[in-house]
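Student: Sharing a structure below in structure tokens format, with a few things to ask.
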Amino acid sequence: MKRAVVVFSGGQDSTTCLAQALHQYDEVHCVTFDYGQRHRAEIDVARDLALKLGARAHKVLDVTLLSELAVSSLTRDNIPVPDYEPDADGIPNTFVPGRNILFLTLAAIYAYQVKAEAVITGVCETDFSGYPDCRDEFVKALNHAVTLGMAKDIRFETPLMWIDKAETWALADYWGKLDLVREETLTCYNGIKGDGCGQCAACNLRANGLNHYLADKPAVMAAMKQKTGLK
């Protein structure tokens, strides 16, 4: 039996990854992290979506200690989430240092326990927003370390790594989940479901990607299939 663990936030990217995993694996487990995030509403959204989509199990792990160590606008109410600035340079204040290191490591431990061969995460280098822990180089390096440290071949999969937001919408549509992802996921840094606040970087990337996809569905779908190898 093929098993996978999805790092699941209830947002656009991880929900699209879950939809695909459910077609590619016999048993899919979801793991969501409570790290004291500003947008904690995502935890309830993730719980509802995991149940609705048919995950074998959904585990919420308390890692609120991360918020004590990692200073970010996502872990501090007194640091405002910046509005979207397409030309901004450097690492944004929404970056939570160590978050994906912790999430992927804990997900791998969970995968070890449930005998899953893969940990799936929705990080993406094309739209990585300046986050160093969304890069392919980082994921592969951590995967190598985890494999050595556990003496277990647990594979980190990144289905969205080389596709952009428009193509991520196409992937959701390919699996018949476009409307669900559009209406029921939570990507917004300010914790607003669906279209979100419309001001933060997450909302703008999501909206711009959707508009691009809807404006040119055939071309975007074809590009997505070419990059992912889907037929």
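Each Cβ is built from the backbone N, Cα and C atoms, and glycine gets one as well.
What Swiss-Prot records for F8, S9, G10, G11, Q12, D13, S14, T15, T16, C17, L18 is ATP binding site. The Zn(2+) binding site feature in Swiss-Prot is assigned to C188, C197, C200, C203; the stated evidence is sequence analysis.
Context for these features, please: burial, neighbours, distances.
Tutor: Take the CB of T16 (ATP binding site) and look out to 10 A: across all protein chains shown you find 27 other CB atoms.
In the three-state DSSP scheme, C188 (Zn(2+) binding site) is classed as coil.
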Student: Which is it, of L18, C188, C197, C200, C203: the one of these binding-site residues whose Cβ has the most other Cβ atoms within 10 Å?
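Tutor: Compared across L18, C188, C197, C200, C203, the most Cβ atoms within 10 Å surround L18.
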Student: Reported as an integer number of Å, what is the Cα distance between F8 (ATP binding site) and C197 (Zn(2+) binding site)?
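Tutor: One finds 21 Å between the Cα atoms of these residues.
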Student: Under 8 Å Cβ-Cβ from Q12 (ATP binding site), six or more apart in the same chain: what's there?
Tutor: T168, W169, A172, V181, T185, T187, R206
Student: Whose Cβ lies within 8 Å of the mean position of the Cβ atoms of F8, S9, G10, G11, Q12, D13, S14, T15, T16, C17, L18, the ATP site, other than those residues?
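Tutor: Surrounding the site, in chain order, are V6, A46, L49, G122, T185.
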Student: Cα-Cα, whole number of Å: L18 (ATP binding site) versus C188 (Zn(2+) binding site)?
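Tutor: Answer for this pair: 19 Å between alpha carbons.
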